[in-house]
Amino acid sequence: MQCQRVSDFLIAASYLSIPLELLYFASCADPAPLKWLLLQLAAFAVLGGATHLLAVFSLAHPHSSGLLLASTAAKLLAALVSFATAVSLVALIPRLIRAKLREAFLRAKARQLDHDLGLIRRRVEATSRVVRMLTHRIRSSPLDAHSILHTTMLHLADALELHSCAVWMPGRDAGDDLHLVHQLSLRGKGPVRIVLGSQAPISPDDPDVLDVMASEAAKVLRPGSELATASSGELQPPGAVAAIRIPMLKVSNFDGRKTPVASSYAILVMALRSKASGSGSREWSGHDLEVVQVIADQVAVALSHAAVLEEWQAMSDRLAEQNRALVHAKQDAMMATEGINSIQSAMCDGMRRPMYSIIGLLSMVRQAEDMRPEQRLVADAIARTSTLSLALMNDVDTETLTVNRMPFDLRSLMREAMSVAGCLASCGGAGFSYQLENALPEWVVGDETRVFHLLLQMAGDVLGRRRDGAGRLSFSIKSCSADQKDCIPVWPNLSAGCSICVEFQVAMERSTGCSQPPSSPAGSQINMCKKIVQMMNGTMWSASDGESITLILHFQLQQSRACRRTSSSIPHFNGLRILLADGDRMSRAVTQKLLEQLGCQAISVSSGAHCLALLGSAGSSFQLLLLDLDMDAFEVALQIRGLKNRRWLLIVAALAVTVDDSIREMCRHSGINGLIQKPLTLTALGAQLHRVLRN
């Protein structure tokens, strides 16, 4: 009884677990074809398990009518479900057999596909190996079109066992005939080159040529093709012949597009080797044609690289030639510039030296007390004009423009400018008049040389514009308001620290009936004047007809008592013995006259060597040495300081360069006691000698 009870319980548990397993199967797969069968099996398992479970309870209570009724119902339902399941299995078994047969058929197909895939993979690997080998050979060949094609034919014939291989190229134009440029044929152990020149060209209208040129893929030529026959030369091809086009790219084909379009194509013709047994000939397979097509693409890439390299080399040669020409031109330009600078410096120096002498002579003339006012005005105007010419030469020599702001007598400057402008107008055959406002201050701060230059330039431009001799040059100088464009005259405040705005206007008053148009002035002079005006914070413009020019400048006022030019007494040196060393004869004579005017006893020599020889003699008794030898003065001063009997001698140097810290340092090392900047005037020379002697 216990064994039956345990057995029924285990059977019931097993039956009841079957629906759970079927439910798990239905969740993992699609049970659509077996849906009803799964339901029947689940019902059969549930009812069978319920029957055995009721049997367990019936053994414990054998006389219970309810358990008996439930067991009877469960067995009846189990019988019905079992019968239905058995019938369904009878109908399902043939379907399962057919599925099994189909599965076996599919397995056989899968094995066949695996076998074919293995063959394809081995074929692809062999193709890739051949392509890699040929690509490596092509890329490692010299970057020359003929070398690339020869290397391609050589290794392609070895890889595909070709009988012959040839390359046909068109002429320079796209429609020219095709000419045989490369040919290889198998003789003995390997391919060898054949002598070219005996093959006739092929017309581009040949059917085989047109067929090959029309497609990127390799084409198998028909038997008896003219292209195949001409490619083999005297040796008839024993195997099938294939051909493919190869793009001949140039640098001009790369116009920014992703895929360049070739302007011309070459044709690669290949003939297979016959079979060893002699039974028939080999044919071109799709695999071989694919290899040829890939190699043709690699050859096109290599040829494009060779074309780019060839063009780059040609361009590099042209650029190198241009660079050599540019270097040669640069050297010529540098030599010409140095020559121009040397000539310009020599011209400026040649003009500057006489100007120094003129300024020195004028400084003596202006000291004369018996001069009439008009004579003094002429002397002052000539001195100012000489100073202006010297400043312009310095501008040309240094190629820079500078503004030196110092107090100056504005009224005196205007009188001198008017006298020079009147001379210019008289020389040009024109009249002259001017209006000078009495309210103008006497002393202002500015660059008198630049103002004088601007006024003379304005007068010259207005005079240069006219084409006839009629007319009158008029000057108008007046003070104006700085904040009004129409420049209304005002009475300026003459106290220190204030400023004044002065308007200068130059115009040409023409005679009645004169209608000739004015000529245009020189552009470089106008540009230079405008630059000077801009540096002086002024404004300059001309009228629309070009016959009047207006200039407005701002000046700072100065007290006339603090800046009035006084006739300071020139020192007299009472027979001071001076040795003058100057290489320029005119400058030497003028400087000697200046020294004599100062009361000195001057003896002049023409060079530093003469100066050293004279100072080295025992009988010389000079108290001061004036060196006007430019930069050679430092070397002469050093040699003089080396003389034992002349170490105490006072030395003054005259230089034409701008005195700065470096020049002063050179003077200190050379033992020069005083330095005076050219031009030498009577006042400046006397003041410098007085300072040196006092120190």
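Any Cβ shown, glycine's included, is placed from N, Cα and C.
In TrEMBL, annotation is done automatically, which means it is predicted and not curated.
Of the candidate ranges 6-25, 66-85, TrEMBL annotates residues 6-25 with the feature transmembrane segment.
In sequence order, TYR356, ALA654, LEU655, ALA656 are the residues of the chain that are 6 or more apart from LYS678 (ubiquitin cross-link) and have a CB within less than 8 Å of its CB. Neighbour list (HIS52 (Cu cation binding site), Cβ cut-off 8 Å, at least 6 residues apart, same chain): ASP8, PHE9, ILE11, ALA12, TYR15. Sequence-distant contacts of the transmembrane segment (37-57) (same chain, at least 6 residues past either end, Cβ-Cβ under 8 Å): 4-5, 8-9, 11-16, 18-19, 22-23, 25-26, 31, 64, 67, 70-71, 74-75, 77-78, 81-82, 84-85, 88-89, 92. Contacts of ASP628 (4-aspartylphosphate) defined by a Cβ separation under 8 A and a same-chain sequence distance of 6+ are given as LEU580, ALA581, ASP582, GLY583, ASP584, SER587, ARG588, THR591, ALA653, ALA654, LEU680, in order along the sequence. Helix, strand and coil counts under DSSP for the domain 'Response regulatory' (577-693) come to 57 helix, 26 strand, 34 coil.
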